[in-house]
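Participant: Okay, here's the structure, questions in a sec.
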Amino acid sequence: MASSSSSSYRFQSGSYPLSSSPSLGNFVERIKDACHFLVSAVLGTIISAILTFFFALVGTLLGALTGALIGQETESGFIRGAAIGAISGAVFSIEVFESSLDLWKSDESGFGCFLYLIDVIVSLLSGRLVRERIGPAMLSAVQSQMGAVDTAFDDHTSLFDTGGSKGLTGDLVEKIPKMTITGNNNTDASENTDSCSVCLQDFQLGETVRSLPHCHHMFHLPCIDNWLLRHGSCPMCRRDI
């Protein structure tokens, strides 16, 4: 009788691990799945942050360089141009990255998204995307600055006028030589197409421009005429007219 009870006890006690094994296994699998999901989410966040930083850094550097070069040739100035370019380049690069990420997560084909992302990266590194964004931003800054100078010039000396000369009269402005853009005078020494440093637009064949005396810098008539009515110097080299 005792032997029977002992056997029954051993059987019952041995049955508990058998009944609890499936529950324990499911619990372990859930823990593994949760850990796998957590690790994937963390890695995805880290990779996204690294790529965002990369795009922002490249955009900032290229934007600052492009903005500085444009600002040096306009009224924005080297430092202000670099600052505007850096901010615009960083913001635009992050926008491009986020758009690429949204496209990657969409229902579009993975291969097409991959080619698009490669094209974006190449265009970003070459500076094309940043230049396309910086140009309008710098033009807006130049126009805003010229408008501000126009309203304050009667009471204050322009911060950008190092020559100290006042604006010319309308009659004097009209006496400054005009010329028509042709294939012979539309390029600089580096064979690049000349452009107006006020509005940043390239000169087109057949356009009438004004060539300043002494320095011979050329500008669109509306751009330079408005400038000369407020300043008596070249907006590029500051040489007095």
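Glycine is treated like the rest: Cβ placed from N, Cα and C.
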Participant: Look up the topology recorded in Swiss-Prot and say whether His36 and Leu101 end up on a common side of the membrane.
Facilitator: yes
Participant: Pick from 24-66, 110-152, 196-238: which range has zinc finger per Swiss-Prot?
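Facilitator: Per Swiss-Prot, the stretch marked zinc finger is 196-238.
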Participant: Within the zinc finger (196-238), count helix residues (DSSP H, G, I), strand residues (E, B) and coil residues, in that order.
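Facilitator: Tallied per class, the zinc finger (196-238) gives 8 helix, 10 strand, 25 coil.
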